[in-house]
Amino acid sequence: MSALDTAIARQPALRKPVDPEALTIPEQKAGARRRRAGSGAPASPGRFPIALQAGASLIWIGQAALLAMAIGDIAAGAGARAVIWPAIGVFVLGVLRAWMDRSGSRLAFRTARHQLSLLREKAVSALATRSPLDASRPSSGYVASTIAEQAEAVVPYVARFEPLRWRAVIVPLAIFACVLPLSWVAALIMLVALPLIPIFMALVGWRAKEASERQLAKMGDMNAFLLDRLRGLATIRSFDAVDRTALRLREEADLLRRRTMAVLRIAFLSSAVLELFSALGVAMVAVYVGFHFLGQLEFGAWGGRLSLAQGVFILMLAPAFFEPMRELSAVWHDRAAGVAALEALEKVTAAGEPVVVAAGVPAVKPDGRAAGVVIDGLHFRHAGSGAAVTDGSMPERKVFDDLSLDIRPGERVAVMAPSGGGKSTLLALIAGLAVPEGGTIRIGGETLRPETAARLRAGMAWLGQTPHIFPGTPGRNVTLGRSDMDEHVVEAALGAARLDSLAHTRRQVVLGEGGAGLSGGEALRLAIARAAAVQGAGLVLADEPTAHLDRATAGEITDMLLEISEGRTLIVATHDPVLASRMDRIVMLGDESADGRRA
Ligand SMILES: Nc1ncnc2c1ncn2[C@@H]1O[C@H](COP(=O)(O)OP(=O)(O)OP(=O)(O)O)[C@@H](O)[C@H]1O
């Protein structure tokens, strides 16, 4: 794995693809654009945990029968000995019930966590194979909030809501089947009261889902907003816009609070409605049984009279009949939040513009030989730039139309073009960060294809236009998490970038996010150190390394660049004529024939 700067360092799947499903074969680029990698997400803990939890609830029917029989016997004058066996039975069933409930819940929770891990892995893999040039990639704030925070809502949905949904079907049916042979009136009351609950639940649930989606979307927006403003803190200060930003932040926070309160209001309302209907149902059964015993309501027991045991049995089953529905209502918002989270994850996982990559191809250590680059008949257009042609609103915009270029091994080439001429895009294509529409790119004699991309990339070093500095020491900013990188290599790389004194004085000092605490020149030197640390890289790609630097610093950076690319091929995209003049050759894009070859 090479140090293709942060773009690749942040894409673990390029090193170790996780899920072949989520990875893309560039030859199928058009298909990949359409494919949605995140669909079909599982949302069930499986049959066994559901059966365990439903079974635990059904055991109550047996316990109620034993208790009712014991009460009937005592009322009939039987001694205390008559209740010993029912009591033992109730106890044993109780233990079994507790075990089944606990095991079912634990299993469901574990399955839910596992499923969430898979969904997260899939989302990260899909993002890692999306080209950094893909402008439709979701914002980092949105992705971070979806994968880290919002995705957690999947666990209660799968582990709690799904088992309860089944219990709410199985348990009332079983109880109804037990009560009906004893009293059709009690069964009828239950039958009439129960459907009112899902009807109101559905009515309230629709509103809850909408409110929950709005709240989660707001949370994502808020994260993206915060991240954006934190990144641009220096600009905000320099434009004296701190107060305006704080005001906007307050407004955003207030809107999020109102949306959260709306979700809570609906959740409380749904609980109140459901409690009311289930309480009414239980009360009506109790009233009927009571008046039946008093002889006021003699009908309803299939022409006979209910015995005390039968009446008690019905009374004990009535609350259990409504209980799963009540519990379901209590976790109803889990469903709303879970479904919204699954949809958000699916959006993050959706396929976009891919990088050149194939699943399961390991990167091997490069041999370090200078690699020539031969480009033949290259065609490329950024995603979306051609789509507008169909409605005639925009002219077709091809960045490269039949570009050919031959860079010899060990050659140092400056690629020049006016702004927007495709210099950065060319480097990205050579690095395999985007898939060309046509043509071939050969690096060191090997064609860049999904199967060769990982190997070829391992032999490249990349110097980005605006290197991202992670919070951490200078050394850790060079290793970028590669634990196999030798300490001497890091020292040497920092030395080559004249950063050894900074690294020593700040060995324990943590650099700020985005390079806070470093000058622009030092940040670039750190990027040079990263490139220098790629052992065995035969090709160095540098994208405008001297942009925004003063003449003296630009000269220093140029010297270092030439030093670290000694014995390697160097391709520099630049506007800087001084830097370009120090290369072996200048290639003007759009005018490849007029390449100024130097002695
Ligand atoms: N991610 C992207 N999505 C869509 N279009 C893009 C994207 N990146 C660049 N472009 C477009 O592709 C063209 C080439 O851009 P590129 O960044 O390669 O030019 P450049 O020569 O490096 O420009 P500069 O010197 O200003 O950095 C430009 O028209 C640009 O608008």
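Just so you know, glycine gets a Cβ as well, placed from its N, Cα and C.
Under the heading region 'Disordered', TrEMBL lists 19-43.
According to TrEMBL, the domain 'ABC transmembrane type-1' annotation covers 50-337.
Proximity of distant same-chain residues to the transmembrane segment (57-76), defined by a Cβ-Cβ separation under 8 Å and at least 6 residues beyond the stretch ends, is recorded for 82-83, 86-87, 89-90, 93-94, 96-97, 100, 167, 170-171, 174-175, 178, 307-310, 312-313, 316-317, 320, 323-324. Here TrEMBL flags 57-76 (among others) as transmembrane segment.
Annotation source TrEMBL lists transmembrane segment at 82-100 (among others).
Through the fold, the transmembrane segment (188-206) approaches residues 172, 175-176, 179, 266, 269-270, 273-274, 277-278, 280-281, 284-285, 288, 318, 321-322, 325-326, 328-329, 332, 335-336 of its own chain, all at least 6 residues removed from its boundaries and within a Cβ separation under 8 Å. Summarising the annotation, TrEMBL assigns transmembrane segment to 188-206 (among others).
Tertiary neighbourhood of the transmembrane segment (266-290): same-chain residues 183, 185-186, 189-190, 193-194, 196-197, 200-201, 204-205, 207-208, 211, 297, 300, 306, 311, 314-315, 318-319, 321-323, 325-326, 329-330, 332-333, selected by CB-CB distance under 8 Å and a gap of 6+ residues from either end. Look at TrEMBL and you will find 266-290 (among others) tagged as transmembrane segment.
The feature domain 'ABC transporter' is assigned by TrEMBL to 373-599. Across the domain 'ABC transporter' (373-599), the prediction's mean pLDDT works out to 83.
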